[in-house]
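The GTP binding site annotation in Swiss-Prot covers 107-114, 189-193, 247-250, and the record cites sequence analysis as its basis.
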Amino acid sequence: MALEKLGKALNNALRKLARSSTVDEATIKEVVRDIQRALIQADVNVRLVLDLTKRIEKRALEEEPPTGVSKKEHIIKIVYEELTKFLGTEAKPIEIKEKPTVLLTVGIQGSGKTTSIAKLARYFQKRGYKVGLVCSDTWRPGAYQQLKQLVEPFGIEVFGDPEEKDAIKLAKEGVEHFREKGVDIIIVDSAGRHKEEKSLIEEMKQISAAIKPHEVILVIDGTIGQQAYNQALAFKEATPIGSIIVTKLDGSAKGGGALSAVAATGAPIKFIGVGERIDDLEPFDPKRFVSRLLGLGDIQGLLEKFEELQKQQEFREEDLEKFLKGKFNLKDMYAQLEAMQKMGPLKQILQMIPGMGYSLPDDAVRVGEERLKKFKVIMDSMTEEELEHPEIINYSRIKRIARGSGTSIQEVRELLHQYNQMKKMFKSMDKRKLSKMARKFNLGGFGL
């Protein structure tokens, strides 16, 4: 998950509150200090942290919770609301109003711009849009080839000419090429040679004048932390149609600093990069993002992922219900894990369920691709009866399965252990408690 370290630290602060016997001024101040420490360690600007935590402390000390809501729950809601406000409050999606809509992307060298463009193209393609990419990066050797390699498996065309040195000419020709082809969205990749904001903005203005984009997107590297403020501010002041993608939030300790710095400028964050896969680009919604960060889940995000799986006809509603109630067998487990894998790691999906958050044992959910392949080989050596009723698998059956699959007894046991862990985990979920929590945080019902 994006900003997992920060999320765990914030979640621990809220757990401390939940475990305390009384909620007095000292308890509130201690929780606020924990939140301050977590945010400062994530490279969030100290002044911004102090302003935020002062608001949290003031509200927590002065506000009376509504009827039916405990003081602890109300303080958690205050933390959720203030963090959401801190990161921009509302989601601001890219609007596709005209055909074609032209998007120009810019970014400092090493920001992850080219990869983000491929992810953005895939994001729109999955939503039914026909997308064309224009590579006008004439500076970086291999930029055109890299972009082609990333999107060709998905049938997305890239216009470019590695021999051409005039970026503006390439951008104009590329936009015209895709206009004639009748695509819905044209994404233009600009040069990635700039090491500072001034020259980047100069080029952005030149290309913008030539191709007249509907929106200009600045790609910011999340690992630069609060330094992102200067980039975002200079960009916001230079164009009225600008939006931002913050990348590399999956592995950076400074991602919180980058996100908060950009939000402080008022520049709209449209997407965040949360992993290396081409599907690891998320529309940025502060409410849903903070909800996941605090371990409160993201029901809307979960439903959207399952809807995508259903569109691929790999995941039916009754399958999902069986899975979430812990009433699945080995056959179901493999089919659903394989389908879920296409939408991201299982842990990422389970973190969208309120209450699961950071309490998930990693061993119970981190089923990597290699292990999945091995599990399939093992399951291929099982009988239909064993797949449907794993409880009948005794030691002699384990020996036979291991022999037939070319694996060890230990590996067969590992599969069965993984299966039992997952069943146990899902069965232990308190559905009523989670539903009550979701309603209190206006996170929507989730029909479990």
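From the backbone N, Cα and C atoms, a Cβ is placed for every residue, glycine too.
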Mapped DSSP class for GLY110 (GTP binding site), helix or strand or coil: coil
Largest tally of Cβ atoms lying within 10 Å of a Cβ, found at which of the binding-site residues GLY107, GLY110: GLY107
Three-state secondary structure, LEU249 (GTP binding site) (per DSSP): coil
Other C-beta atoms that fall within 10 angstroms of the C-beta of LEU249 (GTP binding site): 26
Neighbour tally for LYS113 (GTP binding site), based on other Cβ positions within 10 Å of its Cβ: 27
Where SER190 (GTP binding site) sits in the secondary structure, as DSSP reduces it to three classes: coil
